[in-house]
Ligand SMILES: Nc1ncnc2c1ncn2[C@@H]1O[C@H](COP(=O)(O)OP(=O)(O)OP(=O)(O)O)[C@@H](O)[C@H]1O
């Protein structure tokens, strides 16, 4: 078949399918408004169908795979889309949902005539692929047809033409779905079983965030009925990043998932009884002036996030648990007596694994019931006596500790064992802050952990947890989150090479993977980078140079672009002039939708933004508390740009003072934000992290 006739055939089919979808939408019928269960279920189904049809109307499908099952006489074309659609009359599948088992063929097939199989609910189905085709449909019109594999044609492998086309497109201010071009290694992660802690070490731009979001959509489809969106949560590093990723799930037809930061979530768990100390900004502390590696390794954040510190918290909690059995009997009147061993027996028979405060409340009620029954058995009637006995009971109950998380934590910090572990004066400083209900971010994990162990987790346990930028998490944070699930079901993703928050985060994945039984843990590596051109990736890899962490360098997808520019300015004035000139050039070229100027710190960004303003160029200046990411031209400190991406990036102070030898990861983060164009500007000496001689 010629390319032209393939296009005509597909265009005709798109028109037919769209007409059918629109007809179904017209005929879907009115809402069910009744209150009874059946009506509500019918309404839910109607709503879900309408939502699927709306998704399909925007873009009915993006792929086609012609698959011949072994027992069948001929191949059958399967059209893959974001939402499954069936013919209303015949019930025949017109569009297969990308998450359906058979759709995995589309992603897993990598060429060749060898048989391929997929896992259907009835077992493995084997067969051969005859055609793999990508289709680009916009506004209901077919724009492009690309065959990446045709059986029997000379080139037997699947080509990446469509992927390269998609990667070459410019970006707007939001991350997008990638259903039409999910790669085999990404698909494997997306379709991993639910009850696992899945760890993804992926180089910058390998699609970690995107894959995790697609995995949520997959789990909701695959485990429909047992997994619910409102029992899932995504943790991201900051609110601006949340805004940046907020478009993906709705595009995949998924709503209602809690998307939050660990800090916001943690404060909620603590019922807002404490506040973060606004005067302490860890980012400003660690990034606004040079810090040594020794400072980093000895930071209170590393200690408070460690398992050694958790062991102290556990020991303290065990002591609190033991204090449920008082040392002395309860004897409100001579001869009326409950002994500690009776209490121990009650507790043992009542123990259904409840948290401390619930067990405590249960014990106090039991004592009350005991007093009542003694009262009746001894035929007492004197009201005054009753009041006295109740007062005695209250006094006795008061002796059973009822600490708040903050109280328990403060009393732990006052102990020599905690003080020996923490840097000098750090424990005392935290105790002082706790008195004013103030904490630092590193106190959140221990406090939340104590809260859940004392009071239990509020609400339903999570069906699935996603942690993005997990290299910045501590083992203790994960331990706190584990308490919020019945069984581990997590997607934990990050990149050690971008671990710029080493003062609080991990230095190797085993720090986190070892928290889960091996059988329930999956570990995947993504080495291919989809974001940046080959030139940018190769440049960024050189910045990391000999740095280890046992992580392989990023492998670029073969997408060539312009060389990376490294430019020296004679004076700082000239450097700022150059920033303005570069931005102006890039804007005039009309080639880039999003441009970022990355400064080393806020002071540098302030200077740059001011100079741009003087030159009449409007730029958004991003600060640490930013809530939204607006696209266009952005001036942002490199450490806040993590996770984001821009068509063109200007690293505005690439000198040796701004990026010293300890800043390789930060400069790597900065360089890997760029999709198509990267330029580094410096004054004085170029950072030694960039090995190349400077172009003048
Ligand atoms: N299979 C794919 N097809 C098309 N685009 C892809 C694919 N995988 C990733 N991308 C694109 O690559 C870019 C990087 O993706 P994403 O932000 O998810 O990567 P990441 O690994 O989380 O990056 P970082 O670690 O730098 O934050 C995005 O623009 C995403 O759309």
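Glycine is treated like the rest: Cβ placed from N, Cα and C.
Straight from TrEMBL, the features:
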DOMAIN    181-533  domain 'UvrD-like helicase ATP-binding'
BINDING   202, 203, 204, 205, 206, 207, 208, 209  ATP binding site
For a Cβ distance below 6 Å to any atom of ligand 1, name the binding-site residues from 202, 203, 204, 205, 206, 207 that qualify, or say none.
202, 204, 205, 206, 207
Cβ contacts of residue 204 (ATP binding site) (under 8 Å, same chain, 6 or more positions away):
495, 497, 498, 529, 531, 532, 540, 554, 668, 669, 672
Environment of 202, 203, 204, 205, 206, 207, 208, 209, the listed ATP site - residues of the same chain whose CB lies within 8 A of the CB centroid:
495, 526, 529, 530, 531
Just to be sure I understand the packing, how many Cβ atoms besides its own are within 10 Å of the Cβ of residue 207 (ATP binding site)?
26
Report the same-chain neighbours of residue 206 (ATP binding site): residues 6+ apart in sequence with Cβ closer than 8 Å to its Cβ, ordered by sequence.
495, 526, 527, 528, 529, 530, 554
On average, what pLDDT score does this prediction assign to the domain 'UvrD-like helicase ATP-binding' (181-533)?
91
What does DSSP assign residue 203 (ATP binding site), in three states?
coil
Under 8 Å Cβ-Cβ from residue 205 (ATP binding site), six or more apart in the same chain: what's there?
529, 530, 531, 532, 537, 554, 645, 672
Within 10 Å of the Cβ of residue 203 (ATP binding site), how many other Cβ atoms can you find? Include all protein chains, please.
30
Around the Cβ of residue 209 (ATP binding site), how many other Cβ atoms lie within 10 Å? Please give the count over every shown protein chain.
22
Counting across all protein chains present, how many other Cβ atoms fall within 10 Å of the Cβ of residue 208 (ATP binding site)?
26
